[in-house]
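Chemist: Starting off with a structure, shown below.
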């Protein structure tokens with residue numbers, strides 16, 4: 001600090017002495033009396049680079065040099081980045097004059113073009129038959145193809161959201177149908193079949209829950225299916241059980257033949273109504289409650305019918321038939337839905353074929369045996385006694401082998417809905433964690449055929465009521481809307497006359513052939529049903545077992561539906577006209593003929609034309625209904641689940657209208673004029689003409705505007 005003071009004093013005295021010009025010697029001597037300043041200490045190079053000039057050093061001046069101040073920054077022109085020029089005037093100030101912007105440089109010469117590399121052309125798109133199909137479980141199309149989709153080798157995928165599916169994507173396709181995967185927003189690989197179906201994509205995609213009916217073991221699926229088939233067969237037997245004994249029933253109870261035929265017509269109409277109610281209500285509470293209720297009602301009616309074979313018991317017999325009709329409804333309306341719930345698409349066709357064969361065979365074959373049984377001393381009640389013995393197998397089969405098959409695979413649970421029914425059980429609290437999400441199942445135990453633990457676990461799930469869903473108007477109107485669809489009404493109008501005529505003639509066989517002059521017993525009348533039994537199975541097996549090939553022809557060949565319609569109408573018309581005209585002409589007394597009345601009738605020919613009528617009716621029912629409804633729902637349904645539901649609803653809608661008309665024809669066409677066979681002639685001519693006019697008109701409209 002003293003050194004700095006000495007330096008400043010020397011400078012101050014030097015300035016004063018120089019400025020006054022007198023007494024310079026004294027000033028010089030005073031300056032010399034102070035010691036010279038020591039040389040400045042050298043600082044390290046790295047410190048000198050970091051040291052900034054102090055404010056005092058910037059403001060310090062000397063007599064010989066200008067103030068040491070930094071120059072202002074050079075301004076930069078905004079017009080093209082030009083430079084500036086600085087000048088110093090006489091006063092010592094610096095003036096900065098911007099220079100004009102330089103001229104623009106000449107345009108640069110583009111570099112020489114480089115030829116594009118020779119790359120191979122992009123590969124051509126694969127044909128539709130080879131291109132991998134869109135996974136039905138991820139984005140169900142409105143018109144799904146076959147289930148034999150080729151399995152493609154893929155790599156891992158990273159997408160979690162649900163983008164539009166590309167058929168040319170090489171990433172593994174994910175399934176979003178699992179409850180656990182959907183609730184956790186985690187994709188899951190598409191599942192394929194096993195064994196010879198290892199390359200077949202499972203449609204619909206099952207969830208990860210072992211309680212899902214699609215995940216049931218094979219033995220459990222088969223037990224459920226054959227239990228349902230047993231009840232379908234038993235209900236089919238009771239529908240035609242009175243057709244060979246209507247004349248005996250009329251005589252026993254002392255009622256008209258129309259009243260005796262009402263024992264068949266009234267249950268048919270009731271089964272249509274109860275079937276519609278079961279179809280609507282099953283969407284809210286499941287199918288199992290209605291299976292159990294229908295089993296109880298059918299059991300009461302059948303057992304009651306074993307004790308009505310005495311005079312004056314017509315009221316009891318009708319009451320028993322009412323209980324039977326109420327029990328028919330669920331087995332007519334819900335069985336196809338249970339098959340869809342339990343089996344995949346590649347497994348479903350054979351099951352539907354077995355169901356169709358069972359339904360048709362149990363309608364027309366039991367009268368053959370029933371006529372023989374009715375000739376015994378107990379009479380027609382022996383048929384119900386034999387049928388009642390099958391309940392020893394049917395009751396445990398339905399109670400233990402038919403659990404609930406409705407399973408909502410799109411169901412998601414949130415924390416706020418922890419008390420809502422779970423997809424697997426439908427009961428609050430089952431399968432839920434503390435947060436309300438679906439709790440994944442434990443790994444499966446080692447396979448054991450039967451054990452006390454597995455039996456108790458299985459029985460614990462067989463609750464009568466295990467499914468529920470909120471009631472909404474849209475849910476209640478699903479089946480009625482399907483019944484009013486144009487396709488449903490068209491199929492009904494095309495087929496109801498031949499089928500109604502078949503049931504009408506079947507109910508009248510006992511009236512025609514039991515009285516004089518033929519006086520055929522019930523066992524002989526039952527032989528007429530060989531024709532319907534054998535000939536009706538031909539179109540049933542052909543159109544159902546070969547459904548995949550037939551549906552391909554139906555959709556690819558124009559006007560195939562018109563050809564099938566024409567074949568069914570022609571066979572039906574031949575059967576109606578030949579049956580009615582031959583019987584009326586053969587059994588009407590001719591005073592000019594020496595032959596006895598009824599000697600000209602050809603009973604085998606009657607059975608054959610009766611079978612042609614059944615064959616035509618089966619052609620219209622099985623050759624048009626399934627494939628036409630399938631094509632209609634493929635274009636009108638937004639996804640695969642809605643398509644499957646609409647197929648069941650529209651199929652039963654057609655059956656509902658048919659059953660009502662069948663019951664009306666069975667009760668309304670049995671008149672006293674049939675004794676002289678004039679009524680049979682008129683009925684046959686009227687039905688034949690109506691079939692030609694109505695069926696031909698609909699076929700013509702279908703040809704012009706049906707596509």
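Glycine too: its Cβ is placed from the backbone N, Cα and C atoms.
Just so you know, TrEMBL annotations are computer predictions that nobody has curated.
Features from TrEMBL:
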- 1-178: region 'Disordered' (REGION)
- 64-75: compositional bias 'Pro residues' (COMPBIAS)
- 84-97: compositional bias 'Polar residues' (COMPBIAS)
- 98-126: compositional bias 'Pro residues' (COMPBIAS)
- 146-159: compositional bias 'Low complexity' (COMPBIAS)
- 165-178: compositional bias 'Polar residues' (COMPBIAS)
- 225-245: transmembrane segment (TRANSMEM)
- 257-282: transmembrane segment (TRANSMEM)
- 289-310: transmembrane segment (TRANSMEM)
- 380-402: transmembrane segment (TRANSMEM)
- 482-505: transmembrane segment (TRANSMEM)
- 525-547: transmembrane segment (TRANSMEM)
- 559-581: transmembrane segment (TRANSMEM)
- 601-620: transmembrane segment (TRANSMEM)
- 683-705: transmembrane segment (TRANSMEM)
Chemist: Below 8 angstroms Cβ to Cβ, which residues of this chain, lying six or more residues outside the transmembrane segment (683-705), approach it?
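Modeler: Sequence-remote neighbours of the transmembrane segment (683-705) are 490, 493-494, 497-498, 501, 504, 559, 561-562, 565-566, 569, 572-573, 576-577, 579-581, 584, 669.
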Chemist: Verify whether three or more Cβ pairs under 8 angstroms connect the transmembrane segment (380-402) with the transmembrane segment (601-620), leaving out any pair fewer than 6 apart in sequence.
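Modeler: Since fewer than 3 Cβ pairs under 8 Å link them, the transmembrane segment (601-620) and the transmembrane segment (380-402) do not come into contact.
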Chemist: When you scan the chain for residues with a C-beta under 8 Å from the transmembrane segment (482-505), skipping those not six or more beyond its ends, what do you find?
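Modeler: The answer is 276, 532, 565, 568-569, 572, 575-576, 579-580, 610, 613-614, 616-617, 620-621, 624-625, 628-629, 632, 646, 649-650, 652-654, 656-658, 661-662, 664-666, 669, 683, 687, 690-691, 694-695, 698-699, 702.
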Chemist: Please indicate, using numbers and ranges, the residues of the same chain that are 6 or more beyond the transmembrane segment (225-245) and have a C-beta under 8 Å from a C-beta there.
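Modeler: For the transmembrane segment (225-245), the nonlocal Cβ contacts are 260, 263-264, 267-268, 291, 295, 298, 302, 324, 327-328, 331-332, 335, 338-339, 342-343, 351, 354-355, 358-359, 361-364, 366-367, 370-371, 374, 379-380, 383-384, 387, 390, 393-394, 397-398, 401-402, 506-507, 509-510, 522, 525-526, 529.
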Chemist: Sort out the residues at least 6 away from either end of the transmembrane segment (559-581), same chain, that have Cβ-Cβ distances under 8 Å to it, and list them.
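Modeler: Same-chain contacts beyond the ends: 494-495, 497-498, 501, 505, 553, 606, 609-617, 619-620, 623-624, 627-628, 680-681, 683-685, 687-688, 691-692, 695-696, 698-699, 702-703, 706.
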Chemist: So which residues does the transmembrane segment (257-282) touch in its own chain, when a touch means Cβ under 8 Å and the partner is 6 or more beyond its ends?
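Modeler: Cβ under 8 Å, 6 or more out: 238-240, 242-243, 246-247, 249-250, 290, 294, 314, 317-318, 321-322, 324-326, 328-330, 332-334, 337, 406, 476, 478-480, 483, 507-508, 511, 648-649, 652, 655-656, 659-660, 662-664, 666-668, 670-672.
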